[in-house]
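Everything below concerns the one structure shown next.
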């Protein structure tokens, strides 16, 4: 089987689960318009699958009677919607001006060296993905990182190895 045919088969066999469809339908009653529902729909799909593939964008658009490009624009606007597979744990480091002034570059460099990955990549074992975010809203406690939903403040490179051990 050639590669193009295999990709086409994968994309045409994707379907949202009944649970995902029902959850998206439930969200419709809480919002004025379909575009507003799209962020919730994206979160529903991502929660189950870990990321949102192209075919999921199309299916969400169909459910919400939107153009797929409208759903895609919402998905790419929000940094916490993943459009490609990520590791079991996502590390977001804040690269805002305040974090820059308080030393985020040392944190970033340490994470890259310690995990043997560059920004936007995932460790070989699939344990961590490293992503920048423009602000974590914790400027008075900078530099800051977020691992999954957990926020860590006043960081320095010496604290990071023990912190990462919490996320197996």
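Just so it is clear, glycine is given a Cβ too, placed from its N, Cα and C backbone atoms.
Counting only same-chain residues at least 6 apart in sequence, those with a Cβ under 8 Å from the Cβ of residue 135 ([2Fe-2S] cluster binding site) are 94, 96. Look at Swiss-Prot and you will find 94, 99, 135, 139 tagged as [2Fe-2S] cluster binding site.
Between the binding-site residues 94, 99, 139, the minimum number of other C-beta atoms within 10 Å of a residue's C-beta occurs at 139. Close to the recorded [2Fe-2S] cluster site, the chain also has 95, 96, 97, 98, 104, 134, 136, 137, 138, 142, 143, 144: residues not among 94, 99, 135, 139 whose Cβ is within 8 Å of the site's Cβ mean position. In the three-state DSSP classification, residue 135 ([2Fe-2S] cluster binding site) falls within coil.
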